[in-house]
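S.K.: So that we are looking at the same thing, I have put the structure below in structure tokens.
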Amino acid sequence: ISDCEESEAAGVICKPGPLSRLTAQRTTTTTTTTMSPLTTTTTRAIRTPLSVGQTAKPENSSAIPADASSAATKRVQQDMAPAMRIKDIIGSKGKIRLRGGRSKEEGRVEVKIGNNANDWGLICGDGWSLFEAGVVCRELKLGYAQNALQTDFFGGNRSSLALSGVKCHGSEKSLMDCLHDRFGAVSCPGNANNIATVVCASEMADLVPDAQEMMRTAHLEDRQLFFLQCAMEENCLAASAYQVQKDDPYGWHLETRRLLRFTARIANMGTADFKPFIPKHMWEWHACHMHYHSMEVFAHFDIINSLGVKVAEGHKASFCLEDNQCTHNTEPVYKCANYGDQGISVNCTDTYHHNIDCQWIDITDIDPGIYTF
């Protein structure tokens, strides 16, 4: 029985010849898994060439310090080191805290790195995401991660950076269980304000798409551009459709597009209602479809090829967020009729059926093959 994960697998990096001719390549592999029932595993390899020149004495020996080569070699060896869990460096009893925020739920993330009271270090914001922020908020019992920011808005400076390359899966109980690249002498790319910060919230909406409903309703439809003119105004087609309209101003409407249609049923499984980000008086009226848009982009839909490259995309502007179906004896609250309030209550779902305009991905330009939706 072992708790070893794939990301902790043992590995080696070999080098030919003497160290003075060192040429190496570091490979970091990250594995992510999408939610069931359609489970897709993607492996991403990032290769960074590392090299150190000859250490033979140069013609002008006074121009380079005697220990320059050894220092460069040491930096290479540090960069070549595999990612390790934070607790393997500073111990399993390491602590974190938030500082500089306007409330206790936000601030820069600081890690205890020594025994003295003032031995706290910052985290480089490079690659900082909601996965890491979620672990921080959960460990500090502050609820959920609302934002993962890279900023010095909450104070701090680069001279206090102690960790870089922090990576979490999102399910860790403590940030100490997450991986990191370097500790101590940290090289943090980006701007000077690249500091890891979080904003936590005690309650949040959690929108979960119904993958089974998408699979059940997915189908192809060939449709002329004449019937898609309203959708074109909302940029719901691929760029080539607009190029056709530009190249053939008289016959473009007779061209056909192939659409992957599907129903999107979105459930709110969180602890707070989901509402549009802008107030009702700022909603945008769309004359062609004769309705308001409460959110310019509510959902994104992508088609990914076998190399992990996005080859087609779609988006859905929200014109009606309402409680279509509710469970656990929850009473519907939000209704779009008569310019009503929009939103999705906890334990309720909002459904966009496949026959609604823009509820598709334009796959006209995609070659036959196997793709991930």
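Cβ from N, Cα, C; glycine included.
Any TrEMBL annotation is an automated prediction that lacks curation.
Per TrEMBL, the features are:
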type	residues	note
COMPBIAS	61-72	compositional bias 'Low complexity'
DISULFID	Cys124-Cys188	disulfide bond
DISULFID	Cys168-Cys178	disulfide bond
DOMAIN	96-201	domain 'SRCR'
REGION	53-72	region 'Disordered'
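Can you tell me where each of these features sits in this structure?
M.R.: For Cys178 (disulfide bond), the same-chain residues that are 6 or more apart in sequence and have a Cβ closer than 8 Å to its Cβ are Arg85, Ile86, Glu132, Val135, Val166, Lys167, Cys168, His169, Glu172.
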S.K.: Which whole-number mean pLDDT does the model give the domain 'SRCR' (96-201)?
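M.R.: It averages 88.
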S.K.: For each of Cys124, Cys168, Cys188, count the other CB atoms within 10 A of its CB; which of these disulfide-bonded residues has the top count?
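M.R.: That would be Cys124, with the most Cβ atoms nearby.
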